[in-house]
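Listed in TrEMBL for this protein:
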| type | residues | note |
| --- | --- | --- |
| SIGNAL | 1-23 | signal peptide |
| TRANSMEM | 47-67 | transmembrane segment |
| TRANSMEM | 88-110 | transmembrane segment |
| TRANSMEM | 138-158 | transmembrane segment |
Amino acid sequence: MASTLLLVLVFVLDLIAFGLAVAAEQRRATAMINRDAEYNYCVYESDVATGLGVGSFFFLLASQLLIMFASRCLCCGRALRPGKPRSWAIVLFITCWVTFFIAEVCLLAASVRNAYHTKYRTYLAQHPPSCEVLRKGVFGAGAAFIVFTGIVSELFYVSYSKADEGSIPPRMDGGIRMNAFR
């Protein structure tokens with residue numbers, strides 16, 4: 001039977017990761033071109049989205065590690081009973097890792113890109129500098145994949161628990177037994 005405490009804990013960690021990713025999307029760095037006597041340069045506003053994205057990254061990582069530790073990463077421990085729950089557990093295990101990887105890449109790339117600020121300046125007669133900022137929706141994509149990862153990882157754990165219940169029946173051969181001839 002699946003541990004309700006573990007499912008609730010994983011849900012809370014995923015919910016916190018989702019909230020941080022949405023907050024990071026809302027608080028992305030913005031830039032304006034500032035002009036002084038002879039130079040144009042970029043002025044960036046708040047950089048809090050980077051910290052929110054990294055926090056979301058770590059909460060999702062903790063959630064995934066907790067599920068994988070509880071299920072012994074599907075490859076360690078005793079074998080699962082054959083049947084639908086085992087098949088679903090294998091499919092959901094692979095899907096869980098794929099969505100987790102996409103979510104983590106989105107969050108990490110968005111955090112790194114959001115922290116990048118151009119530091120050059122141009123003369124007034126030249127073209128204004130390109131104040132590069134993070135595109136809208138990268139943290140949002142990470143948040144969407146956090147939701148997918150949370151759903152799939154919890155379904156994986158429930159399927160794993162169903163396939164892990166009981167023991168595998170001993171193998172009974174129906175064939176002819178070979179004994180020493182006397």
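Quick reminder: no glycine exception, Cβ is built from N, Cα and C everywhere.
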Field: Same-chain residues at least 6 beyond the ends of the transmembrane segment (138-158) whose Cβ lies under 8 Å from its Cβ atoms
entry: 2, 6-7, 10-11, 14-15, 17-18, 21-22, 24-25, 28, 49, 53, 56, 60, 63-64, 67, 70-71, 88-89, 92-93, 95-96, 99-100, 102-104, 106-107, 109-110, 113
- request: Could you pull out which residues elsewhere in the chain have a CB under 8 Å from any CB of the signal peptide (1-23), counting only those six or more residues past its ends?
  value: 49, 52-53, 55-57, 59-60, 62-63, 66-67, 70, 107, 139-140, 142-143, 146-147, 149-150, 153-154, 157-158, 161-162, 165
- prompt: By Cβ distance under 8 Å, which residues at least 6 away from the ends of the transmembrane segment (47-67) in the same chain are close to it?
  reply: 6, 9-10, 13-14, 16-18, 20-21, 23-25, 27-29, 96, 100, 103-104, 107-108, 110-111, 114-115, 134, 139, 142-143, 146, 149-150, 153-154, 156-157
